[in-house]
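Undergrad: Sharing a structure below in structure tokens format, with a few things to ask.
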Ligand code: HEM
Ligand SMILES: [Cu+2]
């Protein structure tokens, strides 16, 4: 059987001349609508998540561009103030809850985790399907609310404003609450999968680093999401029935809201960025044909970030009136996150040392990722330096910082993953030249969009401003120009990947000659991932040592 | 040099003592960040080139870091991060701890304007007058939702919370006019919630204050003011005294040191109170405000929890006026008071 015999466009009927013992790829094993919408195959669920996540990314992206166009001039440009306030709320909410949080875990985690562990599926396949529908249910409820009445609180829903505003808070918050369940269910499923479904030979320290990252992420999701769920319920009740939990006019405490909110939302940053770190560990190893330099350090630092990530939330509140001592404590704990991230960065660069670098599209994204992580991380440390945060807090500096670290790093990883595993998922290849061109455009566009925003923040422009003093205009124009470049890059990607989906050349089983475990099965894999007896994994992932010279590695 | 750096970094003019500190640390942090990340970036670029793939299936060596390398990876960044943090935290402590001789100004955020009141002077909307080279403490609150008081040129910012006071201080170094922005999203006209700080040389400021007291200068901004918010009596202490009577505070609190249902106001400010739960607390603006809004939160030892909350009954300026009134009742002979707190020396 040649690898290419199992390739077909999604939805195509299998060729009639197939052998009886042939195991069709998961893409063509069942072609009815029902076989997709009721599937329990983790790969199909991952693909459906991919579809929705991309759609929501488009929605969020359109709103981003509207924001940028509005900010082209100091006064009103294309919309009124209320519309603008709703636009940035919609942009933030859609990007965070509907794109970034599920993007890598729900798409690539779902698709790859069982393959990387030599398992047939995740531990609870039906629950997995349920998590997709919970996600969609919550997403549409929230979107419905945002379009019918709209919400102008920003994605942070700070009280007492969110308790007073007359815009539609309840359905949106309830939608976000429902989406939280999807996150929890996916997290539990992954944790159990990692604990119970590893094939013989895959010990904890032979797991691919992507699995480690998803595992750490799932732990955060399971522990932190209930807190925001509870909080969203309380705010909804407060808004609808006038309870006085957070409203000082009724004896409540608005700062309590902030504590609860950031107790989830700070770790949520790592829900977004840890999977990105995992993807990059795979990509850098595969394209430099090297074992990960400090495998254990990278694995442990994921757990470290997940852990200290829970104790850094107060750095969002340095000027909220919390005590000076508390500010200091949260400042120090923030530094620890920086150290764990630094360990990863050094080890990624170390991985390239004595490697064999093939500068393909995903590797280009790795370069962009390295840049965004280093600068995003460093500006994060600067913000954790308590006194510096005083002028920067709630200005465009913060907007630029979080776009660099969580958006930049996550988008780089998402695109790298999409390109690196595209052959795995669809059995086809895309045009490498276009891949590199659009990667360059996107990295350039991203910098051009957000570097001016760092400077805007330095200059003193607060975030969530519809109008701004004249002196901020030049940098805003630069940022908007960068955003158009960025959008252009995404359009190119959408075009050549869609083309590749239909007309792309057959990729073969393992076009990158990668030694990640997932490439041991066919591309695209058959429904049950591996044909024949349960696979065994004798070597550690990304072991590129010449077999004739191979010594048993003792250091790992 | 530092002027040049400020221009490159687009920093606004530095017009307070805190701004000078912040900018120095800012330069240090940006400098080391640039050097460190350039080093990492150059190393990566060098590796990409030096170790490019020559054969499609090229094998590589099995390289792992030594313990020493990993230790370096951890300790070098940690040392830098902690150094930055150390300096930053020192400065933060400095800016959140107003000096005792600071002049007080009450700041109230309201959708969508800033109101300023001086304990013994005028009220103003959207224009704050302060003297140069003198510490000014801002006591900040909000009438409705969250706001945040931000003066880029002074590099200071503090949230305004309804029902509470927060504080920050600054010392302006150059006379001039500086912009105030609101940085906590507060609804429709959040971006129009602008004000300005006018820093005057010391004598000019004194003159200005005198003019205001005489009530001759009609502040051009007064027209904009929401009149219901402007206290009818210009002097906050007097207004506070009236309010303490009309709101019923004086039914339970005496002002002559005699014991009653509640602790006396005489000498209360800056006194250390023994609390019911065994702890003690120094009475300051925050504590007085809290006692009005949430009387049971820190009950003074020996008293019943009978005081009603004034949450929603008192507006920001009224609260401030009562606080000022209580502050005006400072006295050294605190022993006569009802509380068992230790004697104290009045500052002044
Ligand atoms: C073309 C790319 C993008 C542009 C030009 C852009 C622009 C902006 C701007 C100007 C704001 C500030 C709104 C304000 O505070 O007034 C903003 C906020 C935000 N953006 Fe983006 N953005 C882009 C991409 C993204 C992406 C890809 C994500 C996430 C995946 C994202 C997530 C967010 C979030 C979470 C906020 C905070 C919203 C809030 O303040 O309520 N952005 N964006
Ligand atoms: Cu505001």
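Backbone N, Cα and C atoms are what each Cβ position is placed from, and that goes for glycine too.
Checked TrEMBL, it gives:
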DOMAIN    A:36-538  domain 'Cytochrome oxidase subunit I profile'
REGION    A:1-21  region 'Disordered'
TRANSMEM  A:45-68  transmembrane segment
TRANSMEM  A:88-115  transmembrane segment
TRANSMEM  A:127-147  transmembrane segment
TRANSMEM  A:167-192  transmembrane segment
TRANSMEM  A:212-241  transmembrane segment
TRANSMEM  A:261-281  transmembrane segment
TRANSMEM  A:293-313  transmembrane segment
TRANSMEM  A:325-343  transmembrane segment
TRANSMEM  A:363-384  transmembrane segment
TRANSMEM  A:396-422  transmembrane segment
TRANSMEM  A:434-455  transmembrane segment
TRANSMEM  A:475-503  transmembrane segment
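What does the local environment look like for each feature on the list?
TA: Within its own chain, the transmembrane segment (A:88-115) is flanked in space by residues 42-43, 45-47, 49-50, 53, 56-57, 59-60, 63-64, 66-67, 121-122, 128, 131-132, 135, 139, 142-143, 146, 150-155, 172, 176, 179, 182-183, 186, 190, 193-194, 197, 210-211, 214, 217-218, 221, 268, 271-272, 275-276, 278-279, 406-407, 410, 413-414, 417, 421, 424-425, 464, 517-518, 521, 525, 529, which lie at least six positions past its ends and keep a Cβ under 8 Å from the stretch.
Tertiary proximity for the transmembrane segment (A:127-147) is limited to same-chain residues at least six positions away from its ends with a CB under 8 Å from its CB atoms, namely 38-40, 42, 45, 48-49, 52, 56, 86, 89-90, 93-94, 97-98, 102, 106, 110, 168, 170-172, 174-182, 185-186, 188-189.
Tertiary proximity for the transmembrane segment (A:167-192) is limited to same-chain residues at least six positions away from its ends with a CB under 8 Å from its CB atoms, namely 86, 93, 97-98, 101-102, 105-106, 109-110, 113, 122-124, 127-128, 130-132, 134-135, 137-146, 148-153, 157, 214-215, 217-222, 225-226, 228-229, 232-233, 235-236, 239-240, 271.
Sequence-distant contacts of the transmembrane segment (A:212-241), counting only residues of its own chain at least 6 positions beyond either end whose CB sits under 8 Å from a CB of the stretch, comprise 105, 109, 113, 157, 159, 162-163, 165, 169-170, 173-174, 176-177, 180-181, 183-184, 186-188, 190-191, 194, 247, 252, 257, 260-261, 263-265, 267-268, 270-271, 274-275, 277-279, 281, 298-299, 302-303, 305-306, 309-310.
Same-chain neighbours of the transmembrane segment (A:475-503): 9-10, 61, 64-65, 68-69, 71-72, 415, 418, 422, 426, 428-431, 434-435, 437-439, 441-442, 444-453, 455-456, 459, 461, 468, counting only residues six or more beyond its ends whose CB sits under 8 Å from a CB of the stretch.
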Undergrad: Please figure out which one of A:45-68, A:363-384, A:396-422, A:434-455 racks up the most CB pairs under 8 Å against the transmembrane segment (A:325-343).
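TA: When the Cβ pairs under 8 Å are tallied, A:363-384 comes out ahead.
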Undergrad: Test the contact criterion for the transmembrane segment (A:261-281) and the transmembrane segment (A:396-422): 3 or more CB pairs under 8 Å, pairs 6 or more apart in sequence, then answer yes or no.
TA: yes
Undergrad: In the same chain, who gets a Cβ under 8 Å from the transmembrane segment (A:45-68) while lying at least 6 residues past its ends?
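TA: Distal contacts: 10, 36-37, 39, 78-79, 84, 87-88, 90-91, 94-95, 98-99, 102-103, 106-112, 128-129, 132, 135-136, 139, 425, 449, 479-480, 483-484, 487, 490.
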Undergrad: What parts of the chain pack near the transmembrane segment (A:293-313), using Cβ distances under 8 Å and only residues at least 6 beyond its ends?
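TA: Cβ under 8 Å, 6 or more out: 205, 207, 209, 212-213, 215-217, 219-220, 223-224, 259, 262-263, 265-267, 269-270, 274, 277-278, 281, 330, 333-334, 336-337, 340-341, 343-344, 346-348, 350-351, 353, 384, 540, 556.
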Undergrad: Residues sitting near the transmembrane segment (A:363-384): Cβ under 8 Å, six or more positions beyond its termini, same chain?
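TA: For the transmembrane segment (A:363-384), the list is 276, 280, 283-284, 287-288, 312, 315, 331, 334-335, 337-338, 341-342, 345, 348-349, 357, 392-393, 397-398, 400-402, 404-406, 408-409, 412-413, 415-416, 419, 435-436, 439-440, 442-443, 446-447, 454.
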